[in-house]
Each structure stands twice: as structure tokens, then as C-alpha cells.
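These notes are about the structure you will find just below.
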Protein chains: 2
Amino acid sequence: MTNTTPRLLDEQLCFAFYSASKKFNHFYQDALKPFHLTYPQYITMLALWETSPMTVRELGSHLNLDSGTLTPLLKRLEKQGWITRTRSEQYERQVNVNLTDYALEERDNVYARVNDCIDLMKMTGVDYDHLLNQIHEVMDELDQIRQKDLIKEA
Amino acid sequence: MTNTTPRLLDEQLCFAFYSASKKFNHFYQDALKPFHLTYPQYITMLALWETSPMTVRELGSHLNLDSGTLTPLLKRLEKQGWITRTRSEQYERQVNVNLTDYALEERDNVYARVNDCIDLMKMTGVDYDHLLNQIHEVMDELDQIRQKDLIKEA
DNA sequence: AACAATTTAGTTGTACACGATTAATTCAAT
DNA sequence: ATTGAATTAATCGTGTACAACTAAATTGTT
């Protein structure tokens with residue numbers, strides 16, 4: 001018996017994640033326009049506002065991004081005055097990412113703006129905790145599959 | 001009262017969508033490696049296997065992608081022999097995207113491969129329909145917000 | 001018919017995302 | 001101490017995304 005059609009629900013689920021992710025991206029793009037921050041830049045700043053300094057590697061493991069993505073992104077944040085990048089003195093091979101005074105000053109303004117925009121959504125029909133759980137369940141499945149053989153060969 | 005921290009659940013939800021979308025992307029990247037198709041290319045082919053020919057505009061409204069994304073993507077699919085792009089004769093301004101014989105021949109192989117990989121996931125703890133509903137609920141909220149004023153002004 | 005408005009696809013520029021590679025530094029083990 | 005392995009960030013190449021713009025074709029209005 002051959003499969004002549006893809007499994008509809010999985011397809012729909014994947015496409016839903018794909019679409020929702022893009023929509024959230026636009027949402028933050030709009031919300032953060034006053035600060036000229038994209039969503040990836042924003043979550044980078046969020047991580048740094050929580051813990052700083054961090055090395056590129058540490059940031060990457062928080063955000064699941066590698067240096068190929070982070071290095072240019074961090075250069076843009078640096079150029080816009082949010083962060084500084086300095087080689088660590090003890091370990092020349094790593095780079096410490098630090099917040100600027102500007103970033104510390106603007107933090108609460110950014111938070112307030114994001115919260116104001118989020119308040120526009122009235123997520124009445126959404127059970128956050130359950131939804132988050134289900135998404136993490138799916139992600140765990142996907143992580144486990146990467147370990148297996150079938151998907152790796154070819 | 002000022003907001004000095006972002007609303008945690010919304011942040012987590014957005015980041016979960018962002019991460020899950022990337023993971024699904026890798027999953028399909030691996031699954032479709034034998035066919036040299038990326039996920040966006042795959043969903044484009046899915047749409048065409050269901051209905052073809054379609055104009056670039058029609059494809060775009062199915063996939064929520066504009067010509068800036070689709071034109072180069074379609075050129076790649078054309079170069080790899082999956083589709084042809086021909087100006088419509090009645091309406092010179094639109095381009096018909098057609099499947100090649102190769103695409104028709106390979107369809108079931110692609111479906112089978114995707115299904116085999118999807119079968120590796122045993123989504124025991126996931127209620128598909130409910131999860132899909134919740135995601136669409138969130139997307140509807142995001143769509144409604146784009147209409148509003150606060151988010152539009154810079 | 002003439003011309004403005006609209007539609008369609010393509011182009012350009014910016015910004016991720018990531019695999020693969022490179023270069024520099026540090027560690028380890030003899 | 002020397003050399004081989006591992007770690008870290010940067011770089012390069014490919015492929016999305018999308019806003020803004022352009023060019024061509026079509027439609028609407030006068």
C-alpha cells in the first residue's frame with residue numbers, strides 16, 4: 001500500500017506554525033518600529049536585559065542561533081547603539097556582548113510599548129499554559145526524530 | 001503604574017512559535033533532502049500538486065507569500081525541473097506556473113518519503129484538532145490587531 | 001480615443017537562518 | 001615544550017521573507 005497523499009493534520013500543523021511565526025514577526029516588527037528593532041534583535045535584547053554580559057556562544061544557546069546568524073545581527077545592534085562587542089581579555093577567543101547605557105535607559109520604554117501592543121489582543125479563547133505545553137510536546141518530538149536514522153541518511 | 005517587564009506568557013508563546021517553526025523547517029529539510037526541496041519549495045509544490053496551473057498571485061494568496069519571495073523561489077524550482085513559468089496568453093501580465101512531467105512522476109515518491117518521516121513522530125500527547133484551533137485563534141487575534149490604530153502609527 | 005487607476009510580476013535592498021568552512025585561541029596529553 | 005584536538009567567533013554561500021519600487025499590461029472613465 002503506497003501513500004498517495006500527505007498526512008493532512010501534520011501538514012496543517014507545520015503550516016500553522018510557519019504562518020503564526022510570520023504573523024508574530026510582523027506584530028513585533030510593528031510594535032518595535034519606534035525603536036528600530038526586529039523580532040530577532042528584540043529577543044536578543046531581552047536575553048541581554050536579563051543577563052549581561054554574555055558571550056556570542058551563550059546568547060546562541062539561549063536563542064538557538066549560531067554565530068552565522070548572530071554575528072551580523074549583533075553588529076547591527078552595535079551600530080544602532082544597543083550593545084558593545086569586546087573580545088574577552090582572559091579568553092581571547094570569545095566575545096563579550098555588553099549593554100550600552102542607551103540600552104539600559106530604553107529598556108522600560110521598550111517593555112511598555114510591547115505590553116501596550118500585547119494588551120490589544122484579548123486572548124479570551126486561548127489557554128496559554130496548555131497551548132505552550134502542546135507546542136513544547138511537538139518540539140520534543142521533532143528533537144527526538146533528529147536523533148533517529150531514517151531522517152539522517154540521504 | 002509602569003510596566004517594567006514584558007508579559008511572560010505572550011513572549012513565551014511567540015518564542016515557541018518561532019522555535020517550532022524553525023524545527024519543522026529542519027525536519028522537512030532533512031526529510032526532503034533526497035529531492036533537494038526546502039520547506040517553502042515543498043509547500044509550493046503541494047499547492048501545485050493540488051491545483052495547477054496557478055498564477056504567481058494565486059500561489060501567493062494560498063501560501064501568504066508575495067512576488068518578492070515567490071519569483072526567485074519559482075525560478076529555483078524551474079531550474080531544478082519541477083515547474084515551468086509561462087506568460088499567460090490572454091493576460092500578458094500574469095505568469096502561469098505549471099508542473100513538469102518530472103513533478104508529476106515524483107509526486108508519490110515525495111508524499112511517501114514525507115509520510116515515512118512523519119510516521120517517526122508518535123504524537124501521543126497531542127490533540128491535533130484542538131492545537132490547530134488554538135493556533136488559528138492566536139493568528140486571528142494577530143490579524144485583528146493589524147487593523148487597529150496603535151500598532152500602525154510609528 | 002486618451003489617459004488615469006489598477007493589477008501583476010519582477011527587482012532591489014535589508015535582514016534573518018543555517019550549513020560549511022576558516023582562523024585564532026586554548027586545552028590536553030604526551 | 002610540542003603537537004594534536006577542541007572551542008569560539010567570523011565568514012561565505014544559499015535560500016527565504018518582505019517592504020518599497022518599477023515596468024508592463026489591463027481596465028475604467030470620460
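Just so you know, glycine gets a Cβ as well, placed from its N, Cα and C.
Noted in TrEMBL for the protein shown:
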{"type": "DOMAIN", "residues": "A:10-140", "note": "domain 'HTH marR-type'"}
Secondary structure composition of the domain 'HTH marR-type' (A:10-140) [DSSP: H/G/I, E/B, coil]: 90 helix, 12 strand, 29 coil
PLDDT averaged over the residues of the domain 'HTH marR-type' (A:10-140): 96
